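Down below is the structure, laid out as structure tokens.
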Amino acid sequence: MKTKYSHYNNQLQLAHQGKTVFLKGFIFRKRNLGKTLFFDLRDVSGIVQLLVKENNPQYDKIALIKLETVVQIKGQVIERINKNPDLPTGDIEILVSHIEILSEAQTLPLNVFQSQESLEETRLKYRYLDLRNPEVKHFLIQRHHITQSIRQTLLKNDFLELETLILSKSTPEGARDYLVPSRIYPGNFYALPQSPQLFKQLYMIAGFERYFQVARCFRDEDLRSDRQPEFSQIDIETSFLNQDEIMSLTEEIIVDLFANIWKKPLSQPFLRLTYQQAFELYGSDKPDLRNPLKITDFTTFFDTTTCPQNMFSGNIKGFKVSKTAVLTRRKLDEYQLFFSKHFNLKLFSFVKKNDKIIGGISQFIKDDSFLKNEEICFVVSGTKDIMHKALGIFRTKLALDLSLVDTTQEALLWIVDFPLFETTQEDLPQPDLTLENSNTSNRLYSLHHPFTAPCDIAILKSNPQKALAKTYDLVWNGYEVGGGSLRINNPQTQELIFSLLGFSQEEVQTRFGFLVEALKYGTPPHGGLALGLDRLVMLFTKTNNIKDVIAFPKTQSAKDLMLEAPSAVDQEQLNTLKLKFKCNCN
């Protein structure tokens, strides 16, 4: 029988009626109606129905074919009597004249047609079978289309697709490194890159001006539903473009994606909020603007002079909502417990009915004009940063409980003017501290990374804790899908940043000596960003789990169930690397 395809399944239409075709694929479903067999043949393009009549000399053999067996068939395209409008090939079927089994399948550990209903452990262990499900396969096909759209936008803007190293050097970039021991240099280690940050800056110093790549990144950090230990990002760096120009280029990428993937228009420019505005309005630096709730300052409506001492400590802020019917007493108690347990704040709630405020603190409200009948108001008071953070989390919870998020909309915005430093950071690599500088209470940490350019050098020198950074994060429906900054192109400024972060001269030379030296030989103004490819695909495919859009993801505990990795290695391999294994696992 002819061994080449004549068509992919989804290419076949009524226009092919009467033609002989040669197809290959998996037997997806089958139905035996006594004198007629129906099969669904699945290939990468889609599904087509096969018809086998009783007079076919292979009828008895074909009737015994197991699901997921790989076959090639010869047949004639005929018009389907009972058409299926849900299939691209629903107007036709293939009258099979010959079938050849290429690989017979044994009984499968999961139902490919309904693999999404299987346990996640089973799906991940047999991921290659899970990926046969057309809905699951669609995620990765969309990933391809999204990647290609981004690539085409960058290529038309004169970017070069260049690679960077995988075996790199351990540098503090915000998480723990995955280390690779060197056989040739015992006791020394490579690190898998957390990002190509330093390499892409070196590309700019080398004069390439516009770089991008689909980069693999590795971070040994705690996992979440939208995070994996290895992930992909669209990594971009440019010379001579300012912040507005880089943000505009990024918007062009997203606008093209909406047009190519969803066939939807998207207006520019995107909304911009400063980091401070985002926290004051939404209690988050990645707010979901489909949620209509905004933090409101209600202080002026209260008579705080008559309140008990310590009832309010600062401004009184919160939300008001109109969906009071679904808020039970139990739910209100749950909200109060959330604030007291996690933030040591007291939540007050009150409602307006028949033009009268009802609630425990109604006596302290001097002006109730801010509240309409049947509206409920939630307020707290406390330290600004803690209060805003608490209200931000509560905002998300309240919107979920009351179904306030408009899921028919897409909300994109930029967050800009981040602080350059933060003063607390847990579980991250730290510089060595000398005895003279051993007090960690006022330690500074880079909010993004130590190569970010400050907005104002004078403030950086006089009051570094107040310094802002030339950074910009792209937020979509509450997810950070990209972020970047302008970089430092002055060696003195870079050394000042390292000093403020507590790195000694020896540490700087050991970890970043190559960069500091490179900055001395003429460095163009440059900046860039990275778009999280996995998160973009997750949002474009409307799934809530990032594992769905990664071909071979790991579990929440960073295990690969299919490969059974990580795994032990034999003693000979350790001896070759001159390593001795010591574990205090309890």
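Glycine is no exception: its Cβ is also placed from the backbone N, Cα and C atoms.
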Write down the one residue from Glu161, Glu163, Glu280, Glu480 that Swiss-Prot lists together with Arg219, Asp220, Glu221, Gln228, Gly532, Leu533, Asp534, Arg535 as binding ATP.
Glu480
Per Swiss-Prot, the region 'Aspartate' among 101-104, 197-200, 501-504 spans residues 197-200
Distance check, please: Cα of His448 (L-aspartate binding site) against Cα of Glu221 (ATP binding site), rounded to an integer number of angstrom.
16
How big is the Cα-to-Cα gap, in Å, between Arg219 (L-aspartate binding site) and Arg535 (ATP binding site)?
16
Distance check, please: Cα of Arg487 (L-aspartate binding site) against Cα of Leu533 (ATP binding site), rounded to an integer number of angstrom.
22
Cβ neighbour count (10 Å, all chains) around Glu221 (ATP binding site) is 15
Protein Cβ atoms within 10 Å of Leu533 (ATP binding site), excluding its own
23
